[in-house]
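J.: Residues annotated as transmembrane segment in TrEMBL: A:22-41, A:53-71, A:77-96, A:138-158, A:165-182, A:188-205, A:226-245, A:265-291, A:312-334, A:340-361.
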Amino acid sequence: MRQDTMDSGIAYWLRRLHVDSMLLLALLALIATGLFILYSASGQNADMVARQSTRLLLALGVMALVAQVPVARLRQWAPWLYFAGLLLLLGVLLFGQVGMGARRWLDLGFMRFQPSEIMKLAVPMMLAWYFAERPLPPTGKQLVIAGAIVLLPVLLIAKEPDLGTALLVGMVGLFVIFFAGLSYRTMAVFAVLGLGSLPVLWHFMHGYQRERVLTFLDPERDPLGAGYHIIQSMIAVGSGGVYGTGWLNGTQAQLDFLPERSTDFIFSVFGEEFGLIGALILLALYVFIVLRGLDIALRAQDTYSRLVAGSLSMMFSVYVFVNVGMVIGLLPVVGVPLPLVSYGGTSMVTIMAAFGMLMGIHSHRRLVAH
Amino acid sequence: MSRRQSLRDPRQERRQFAWRAIVMGLAVVALYAVMVARLIYLQVIDHEHYAAMSHDNRVHIAAVPPPRGLIYDRHGVLLAENVPSYSLDVTPEQVPDMAGTLEALKSVVALTPDDIRRFKQALRRKWPFQTVPLRFDLTPEEVARFAVQRYRFPGVDIKARLRRYYPFGGAMVDAVGYVGRIDAAELQHVDGQNYAGTTHYGKTGVEAFYQERLHGRVGYDQIEVNAKGRQIRVLSHQPPVPGDDLILSLDAGLQQVAEEALAGREGAAVAIDPRNGDVLALVSAPSYDPNWFVDGISSKRYAELRKNAWRPLFNRALAGQYPPGSTIKPFMALAGLANGVVTADQQIYCGPYWQIPGDPAQRKYRDWNRYGHGMTDVSKAITQSVDVYFYRLAFQLGIERMHGFLSRFGFGSATDIDTTGEMGGLLPTPAWKRRARNEVWYPGNTVVAGIGQGFVLATPLQLADATAALSMRGERFRPRLLRAVRDPISGKVSERPADALQPVQVRQSYWQAVLRGMRNVTQRPDGTAYRQFRGFDYVVAGKTGTAQVTSHIHSDNSSEATIPYRLRDNGLFIAFAPADHPLIAVAVVVEHGGGGDVSAAPVARRMLAYYLEHNTERRNGRLVLKPDLPAQLDLQPTQPRQAGAPS
């Protein structure tokens, strides 16, 4: 009885806070799993776990805050956010901080900030804003404009260079265009054109990017360099077997064989220590979150909400697929974190803000309808 | 754009979105299914493969070299031991400035250009995380000095190892040999697994001959390493099996006495227990300190050893081939008796010289005594070393029969002793001369061979071996250095049975005649070594020998002092004692020492005196050997078996 009352009390408050309890539960489960595996992947570094927890709390706060903002308001902000983001990206290229051979950060004095992160949200918002004003499906001219809206920031980000983020921003843009009603025939034409342009793309790629692709195709090419990551990661995952070696018992993870094991390659640690069963559970959590996002999009009552909710859910899905795919040797090594699990702050805040939007879309639905 | 077209159709839009969302949902599920398939492939189908790779990744097998077996003399005196030694090891990746560090280290420990050159060579073959020794065998002062200043040298550490040490220095090297750093050629033919981690290898002597026994079995540490190869922890430890401890037949005291007796001369002395072939002493002079070779001798010092005219590196006892001179006479006498050329009591006139009957050149083979010896029987011929008697005997015997009989005592071939570097002597035949020199055999060759000159050559070991057989009236044992093996773990000593050889069988009366002559050498005033053994506590049977080094014939009144050193005769002496029940047989060669009586016999006397005094007791008026080995079954537990962990 008392339990019920409390539960309904919590549910009530969550509703009042525009927080979707299903999403929240799945996210919290994911976050908890992430902290556990981070403790192992960081070499049992409690400080790192504490820092990550702080960030997660902050990100949860951002999520709750964004959820409070009515969708209509967010929609109005979309162009402003988008153009501000573009300016910041230009600023990065002109004045940005150089780190690891790329200009990605702006030093704001108190923190370093990656404007490309804004674009992960600003691009789908801008596109949704653009399409919501017009009847769908889009005309050819609208598609060209939409393409430009996506391509501009993608090129700026790719120039930094930050291939992973450029890819994600491009993908999320394409999802909006797809959801807006891009015809399958046009898609087929672009697919052919895209394949045709691969050699051109190859020409413009940086040496290290080409190396990554080649290494992906044949990891043994460079077993101590770029291929080393993939080989060691596959060894970690493969040696985990069905049941895994157990938490904190992964030798690959614990003994420094895995590079970047607490950031991009954290899934390898998970795969080694929790095995196939653990990996399936983790992937199921992700699938659940994505499908819940799509569900929210389906139920949304206006085009803008649908497009934003659908594309953000898909971006989240792409995040997971690119990261896990890279770790298990399905995709080339691209610097994309495993959302909400990899150690690191910026992308986590963006993702939680996206979920805040999703929750807002869901909980403000009736208000809009009425 | 027409107005109609710009009109929205929310239901149519919614339906289209719904379809596309479902398509995307299905796509997501499909993509995740691909990931799941891939995971199943990695974690189920290929699991074994990756598990094996993961294991290889993290576990390195590190070989733990076994401690080398110790070497004792017959009384349990350590001849070769393992002592802790400190070396300076450098871990390159931890050294911020190698050149600066090496320079700064010079003020703390002595570093020769040799050390630095060797270090830099080794550096190139190792990973940066592997330690490379820079200096071996630090002095205690250097260890202390470094310990205090260690903070200045990150990546440099002192490491304890076990180092082979020969406490007797040069006194034992000719028998025991030494170990040195294992070289590429040796690595080629050893069991690579068992020698993983082994740095030293027996180079000469017993150390080389019993290398495998002394080495033991390698142990292994399973070490968990991280990706950079740095050790995390030891997973399992399979201890090495130490090499067997060897108990040699040598008597360290006797060995030292011989060494001292030969000091300042070139020569060799070998003593054998005739009852079983135990080599009691095996000394070559001058000698050198084997400890110089253990961790690599400096090129300067090696050049000095090589250039030394007295050839200290040459093992005269085993490889020195000398004309045996008159020491061959007892064997010749026996050959004459056995072949019926002479009889035991036959008196033969021996004048100042002898001529081959019917020799047109009338060549005179002179006796050492210009007046001759008159009527001589076989015993007297030995006692007074009558050359003329043996010229005649050899001629009548003929070279083939001489070869046939003397080879039964082991002349002309190596004894097969259990050590390295032995040379056979030479017992010539016409066939040999044709083959080796492309010349025919002259009767004169036979005549001079009868007094151990000409082509006949024997090593000191062969002489001692033959003397032992003589003392035992033909009973023969293969000379040996290894007397017993001690299991390093149980401490159990297993004695090695003597290796009996085909005995030389002749009538007892022949032995008596010959041995009487040998005993008279020291017992009768007309014996050639009488003066050297006058007043000696034991009855010694012996035979002197003086062998010309070159074919120069010196005039009768030339004194030794006027002859250049290198042209002086070699002095030889063979003996055994006590004469009636021998416990020790010796052979001594003193190069350029002149007469064997004055040069070699005193060396033999000192050796016999020491050995009999220290190893025998009188029981019922008879000299018997004190038991030695059984009392030594529990040799003290040996030196530290394991190199201590670095401090």
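FYI, residue positions are counted from 1 along the chain as it appears here.
Cβ atoms are placed via backbone N, Cα and C, with glycine included.
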J.: Answer with yes or no whether the transmembrane segment (A:22-41) touches the transmembrane segment (A:340-361) by the criterion of at least three Cβ pairs under 8 A, sequence separation 6 or more.
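T.: These two segments touch.
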J.: So what's near the transmembrane segment (A:77-96) in sequence-distant terms, Cβ-Cβ under 8 Å and 6+ beyond its ends?
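T.: Distant contacts of the transmembrane segment (A:77-96): 103-106, 114-116, 118-119, 121-123, 125-126, 128-129, 149, 152-153, 156-157, 159-160.
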J.: Same chain only, please: residues at least 6 beyond the ends of the transmembrane segment (A:265-291) with a C-beta under 8 Å from a C-beta of the stretch. Say none if there are none.
T.: 23, 26-27, 29-30, 33-34, 37-38, 40-41, 229, 232-233, 236-237, 239-253, 258-259, 313-314, 316-317, 320, 323-324, 327-328, 338, 341-343
J.: With an 8 Å cut-off on Cβ pairs and a sequence gap of 6 or more, do the transmembrane segment (A:165-182) and the transmembrane segment (A:312-334) reach 3 or more such pairs?
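T.: By the criterion, they touch.
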J.: For the transmembrane segment (A:312-334), give me same-chain residues lying six or more residues beyond its boundaries with a C-beta closer than 8 angstroms to one of its C-beta atoms, as numbers and ranges.
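T.: Distal contacts: 120-121, 124, 163-164, 167-168, 171-172, 175, 212-213, 215-216, 219, 226, 229-230, 233-234, 237, 264-265, 267-268, 271, 283, 286, 289-290, 292-294, 296-297, 342, 351, 354, 357-358.
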